[in-house]
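Straight from TrEMBL, the features:
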- 6-29: transmembrane segment (TRANSMEM)
- 41-65: transmembrane segment (TRANSMEM)
- 71-90: transmembrane segment (TRANSMEM)
- 102-118: transmembrane segment (TRANSMEM)
- 175-199: transmembrane segment (TRANSMEM)
- 205-226: transmembrane segment (TRANSMEM)
- 233-252: transmembrane segment (TRANSMEM)
Amino acid sequence: MNIVTILILSVVEGLTEFLPISSTGHLILTAKLMGLEQNSFLKSFEVIIQSGAILAVVILYFRYIIRNSAVIGKLLVAFVPSGIIGLIFYKVIRAVFFGNDALVLWSLGIGGLIMIVYEKLFKPNNKTIENLNYRKVFIIGLFQVLSMIPGVSRSAATILGGLSVGLSRQDAVKFSFLLAIPTMAAASALDISASAWQLNSAQQVQIVIGFIGSLITAVMAVKIFIKYIKSNSFVVLGLYRLILAMLLYAVLYRLK
C-alpha cells in the first residue's frame, strides 16, 4: 500500500470506530472503491489501526477513569457477556460472520432503521454513569454482544443499550467510549494471537503510520461527536446508515 492508501484507511477507521455508523462497513466500502485485495496484511493492518483508536479513548478519558474508579468495575461487568461469548465462540464467529459483505449490508440498513425508531419510542432520561447499578450495566453488556455481527456497530449497540436503561445521550455515548477500551483491546489481542504475522520492514512502517493516523483522527472524532450529541438526536446517523447501506449495495452488486 502507498502512503495515500494508508492515510485514507487510518482516517476512515479513526472517524468511524466510535460513531454508531459501523467502521466495518466503511472499511469494506473504502477497500472496494480503492480496489484493495482482502489479504492477510490488510486484515493485520486493520487490527493495528483499531488499536490506535483504542488509545485515543484512553488518552481522552484517563483522568475521568482515575477520578471515578468505581466505573472500572462497571466496565468489567458490562464486558463480561461479550468477553465470555467472544472467547468461547471466537472461531465460530469468525467463520460464520467475517468476510460476509451481505451481512454487513443488512446490518447497516436494519441498524439504521432501529436507531430512528429508538429515537421515537425511547426518551432518554438524565441518569449518569455513576447512577447505574450493576444490573443495568450488565444489560448494556448484553446489547454489546449484538455487535459481534459485522455491520451492527459496537457503538450503536452500546449507545442504544445505554439509552434503554435510562442514561442521558451524553452519558450513553461516554459509557460506550469507555466500554470500548476492554472490549476492543480483548478483540485485538484475540486477532493478534490467532494471526501468524510475518511483516517486512516496509509493512512495519506502514502499520506505524496507520496507527498514528487512526489515533489522531479518533481523538478528533470523539471530541466532535460528544459536542454533536449534546444538541442532536441519532436520527441523522440512522439515515446516514441507510444511505451507506444503499451505497455499499451499489458497489458490491451493481457496479461490478
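A Cβ is built for glycine as well, from the same backbone N, Cα and C atoms used for every other residue.
Counted as Cβ pairs under 8 Å, contacts with the transmembrane segment (41-65) are highest for 205-226 among 175-199, 205-226, 233-252.
Against the transmembrane segment (102-118), the recorded stretches 6-29, 175-199, 233-252 differ in Cβ pairs under 8 Å, and the greatest number is found for 233-252.
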